[in-house]
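Reading through the C-alpha cells given below for one structure.
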Amino acid sequence: MEKAVAFIGLVLAVCLFHLNSAAALGVSLNDLYQRTPLTGALAGTVVSSVNCKPQGSTRLPVFSMDGDFTIGGIFSIHNYVHTVNNNYTTMPEPVRCSGRSLRFSRAMIFAIEQINNSTDLLPGIKLGYQIYDSCASVLVAVHVAFQFLNSLDPVFYIGNNCSQSGMVSHFATCACLSDKQQYPNFFRTIPSDKFQAGALAKMVKHFGWTWIGAVRSDSDYGNNGMASFLEAAQKEGICVEYSVSFYRTHPHSRIQRVADVIPSNVLCCLSRSTAMVIVAFAAIGDMAILLEELSRKPSPPRQWIGSEAWVTSPELMRYSFCAGAIGFGIQKSLIPGLRDFLLNLSPSQVAASALLTEFWEDAFNCTLKKSNKVFLNNVCDGKEDILNLQSPYTDTSQLRITNMVYKAVYAIAHAIHNAVCQRKNKGKPICCYDCIPCPEGEINSSDCLPCHKEFWPNAKRDTCIPKPVEFLSFQDILGIILATFSVLGACLAIITGAVFFYHRTSPIVRANNSELSFLLLISLTLCFLCSLTFIGAPSDWSCMLRHTAFGITFVLCISCVLGKTIVVLMAFKATLPGSNVMKWFGPPQQRMTVVSFTFIQVLICTIWLVLSPPFPIKNLTTYKEKIILECDLGSPVGFWAVLGYIGLLASFCFVLAVLARKLPDNFNEAKFITFSMLIFCAVWITFIPAYVSSPGKFTVVVEIFAILASSFGLIMCIFAPKCFIILFKPEKNTKKNLMNKNQS
C-alpha cells in the first residue's frame, strides 16, 4: 500500500503556524529537528543533541480503508473545549472532546468511493483513506500530521525532503497561507480572507456605518482576518471603537469580559461602548460561546456583521438578537448522491465504528448493545428512522464547506492521476490507462498518423479503411422515386401525343398548331428522359450528356411554346382588316424560329464541351468521412450560360403570353401558356439558391426535381385541358363551337 503525500485538513495549516514551523511541509526533516524538540518527538525520531524520547502512542483514525494510495483527512469532528496545561516534560493529559460534526468526514468518504467507481479518473487504482479527529486541538492536529509524514512510503517519499508533501485545505482561509515562499505545498479550495475582509469593509461603508465595534477569534483565522478587515476599513474611513479577541478554551471570565465590552443593555451603554454595529470575525465554535454569554442579559438592538464561518449557521441564528445579521458566505452547492450516502447507515456499519455508534446513540437517545452508555429502558432496535432525523448531519440544504471537502478530494485524486502517469510510463508514449483518441482522420493513439485522403479510421481508430463512396444511384430511395417520376412523365407525354395523333383531324388539335404541339410533346418526352442521366455513377460521357441534353431539350421545349405564343398573337392580328401578317409567320417561319433558338443553345453547349467540358470528380471536402462522386462543371460560365439562355427564352415567352392572355384565343391557349410559364419560371428561380446550397448528391436531386417539376407544369397546363375536352367533352370539340367562341 502506498501513502499519498496529501492531506485534507481543517486546522493543520493553523497548527503549523502556531508552532512557528509553517514551512514544515516544504523543508527538510533535518531543518525541522533543529526547530523544536516537540517536532522531533512527533516525528518519532530521537535527536542526539536533545535528551528526550517520544512519549504517547500513535493515534488511530476514526475512519479508514486500505487502498493503493491513501489520502489522509484531519477534521474537527469533535469540538475541543477543555483547557489542558502542558509543561512539555511529561506526557500531556488526554484531550477530552465534546460536540460532533460528521458530515465533512463522511463527504470525504463519499468522494473517494465515487472516484474508486469511476472509469475515467484513476482507473484500476483504489484510493484508501485515514480520517482523524483533531478535536479542534492544535496539538492533536500536529500529532496526526507528523504521524502521516513519519509513515510515508519510500516510493512516494524520497530522501529527507518533505517538499513533495502537500496539503489541500477546505476551511483554512487565512490570507497568510497564500505566501508560496513559506507555504509552497499548501493549497485550498476555499477563498482567502483577503477578499472577504475587503468586501465586508465596503458593505459596512455602503450602509453608512462608520462607528463600529470588532470582535474576533484569538486564532490565526480571527487575528489575520480582522487585521485585513481593519486595514480595509481604515481606507474606507470607518472608525473602530474597540477590537477584542477571545477563544473557546479561554476561561469563562475572559469571555465574560469580552461580552461586557459589547453593549448588552441601555444602561451599560453609558459606561461601556456605544457602537451598535459589531463586526465579528470568529470561528463558529467561538461565536457560539460568545452568543451564549450575550444571551444571558437583555440586549438592545445590534447589527451583526458576520464572517463566512458563522453567519450562515442555522444554529446561531436562533438567538433573537442575531436577527438581521448580514455577511458573505460560501456559495451553496448541490452534490448529487451525497444525501443518500449520508442516510445510508446500516446497523452493522454503525456498530463497527465507535464514532458512528456515538452519533447514533445521541441522535436517537438510545443505546446499542455493545456500547458503554446506558439509557434506561431505551435500547436501539435498528428501527430508528434516520430519514426523518433533523440534525446538522442530515441537513444538506446548503453544503457550503462540504463542497470544499468534496473538491479537495478530487483535486488530490487528479494530482495522483497525473503523478502515476508520469512515474509509471517514463520512456513510453504519453498514455496512462485511458488512451487519448486521435483527431478525426488519424489512427494509432501513440503517433496519430493521418489516413490517406480516400481512407478513414475505423471505429477503434487502429486502421484506415476506404471511405464509402456516395452518389445518387438507382438503388437509393430518392433515385428510385425520381426515376419513376421521370418514366411516368415520359409515358404521359407519349400518351398525350398518341391522343393528339389519333384525333389529329379534330378541330381542337388543328386549331392549336398541331405541328408545334407534336414537336413540343417530343421535346417534353426528352426532358423527362434526360433527368435519368443524372442518376447513377458519374462518368465522362454522362457528365457531358446530362447538362447538354438538359439544356438543348429545354430550349427546344421553350422554343415550341414561344412559337405557339407568337402564333396566337399573329392570328389575332390577321383578323384585322387589311392585315397579311400570317404571310410573314406561317409554318415555315415557325419551324425556322424553333430551329434558330435551338441552334443557339447547341452552339453554346458545343463551345462549353470543346473548351472545358464537365467531368467526374471525387469530392473529398464536403464530408470528411465519405467520398461524393459528382460531376464538376468544368467551366461554371458554360453551365450558367446554358441556364441563362433558357431563362431568357422563358421570360420572353412569359411576357408574350401575358400580353396575349385576354385575346379571343381558341380554347384559352394564351392563358394556359401563361400558367405554364409562370410555373416554369417559379421552379427555376427557386432552383438557383437550392442548387448552390445543397451538398453532395442532393445537388443532383435538386436539379432533377427542377427538370421534372417544370416539365410536368408544361404538359399539365398546355395539354391536359385539351385532352380533357377530346376524351370527356367531345361535344365541345366541334368547328361550330370553335367558331362561336372566336366570334364571342
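Glycine residues also receive a Cβ, built from the backbone N, Cα and C atoms like all the rest.
A TrEMBL annotation is a machine prediction, not a hand-curated record.
The signal peptide feature in TrEMBL is assigned to 1-24.
Note on the transmembrane segment (477-502): residues 509, 514, 517-518, 521-522, 524-525, 527-529, 531-532, 535, 697, 701, 704-705, 708, 711-712, 715, 719, 722-723, 726-727 of its chain, located 6 or more positions outside it, place their CB under 8 angstroms from a CB of the stretch. For 477-502 (among others), the entry in TrEMBL reads transmembrane segment.
If you look up TrEMBL, you'll see 478-742 marked as domain 'G-protein coupled receptors family 3 profile'.
The annotation transmembrane segment is assigned in TrEMBL to 514-537 (among others).
If you look up TrEMBL, you'll see 549-572 (among others) marked as transmembrane segment. Within its own chain, the transmembrane segment (549-572) has Cβ neighbours under 8 Å at 512-513, 516-517, 519-520, 523-524, 526-527, 530-531, 533, 581-582, 585, 590, 593-594, 597-598, 600-602, 604-605, 642-643, 645-646, 649-650, 652-653, 656-657, 659-660, 663-665, 669-670, 673, 676-677, 680, 703, 707, 710-711, 714, 718, counting only residues six or more beyond its boundaries.
Here TrEMBL flags 593-617 (among others) as transmembrane segment. With a threshold of 8 Å between CB atoms, the same-chain residues lying at least 6 positions outside the transmembrane segment (593-617) that come near it are 516, 519, 537-540, 542-544, 546-548, 551-552, 555-556, 558-560, 562-563, 566, 629-635, 638-639, 641-642, 645-646, 649.
Long-range neighbours of the transmembrane segment (637-660) within the same chain, counting only residues 6 or more positions beyond its ends whose Cβ lies under 8 Å from a Cβ of the stretch, are 547-548, 550-551, 554-555, 558-559, 561-562, 565-566, 568-569, 572, 597, 600-601, 604-605, 607-608, 611-612, 614, 670, 673-674, 677-678, 680-681, 684. Positions annotated as transmembrane segment by TrEMBL: 637-660 (among others).
Within the chain carrying the transmembrane segment (672-692), a Cβ under 8 angstroms from the stretch's Cβ atoms is held by residues 558, 561, 564-565, 568, 643, 646-647, 650-651, 653-654, 657-658, 660-661, 699, 702-703, 706, 709-710, 713-714, 716-718, 721, all 6 or more beyond its ends. The annotation transmembrane segment is assigned in TrEMBL to 672-692 (among others).
If you look up TrEMBL, you'll see 704-728 (among others) marked as transmembrane segment.
Long-range contacts of the transmembrane segment (704-728) within the same chain: residues 482, 485-486, 489, 492-493, 496, 499-500, 503, 506, 508-509, 512, 517, 520-521, 524, 527-528, 530-531, 534-535, 550, 554, 557, 561, 667-668, 672-673, 675-676, 679-680, 683-684, 687, 691, each at least 6 residues beyond the stretch ends and with a Cβ under 8 Å from a Cβ of the stretch. Residues belonging to the domain 'G-protein coupled receptors family 3 profile' (478-742) score a mean pLDDT of 82 in the model.
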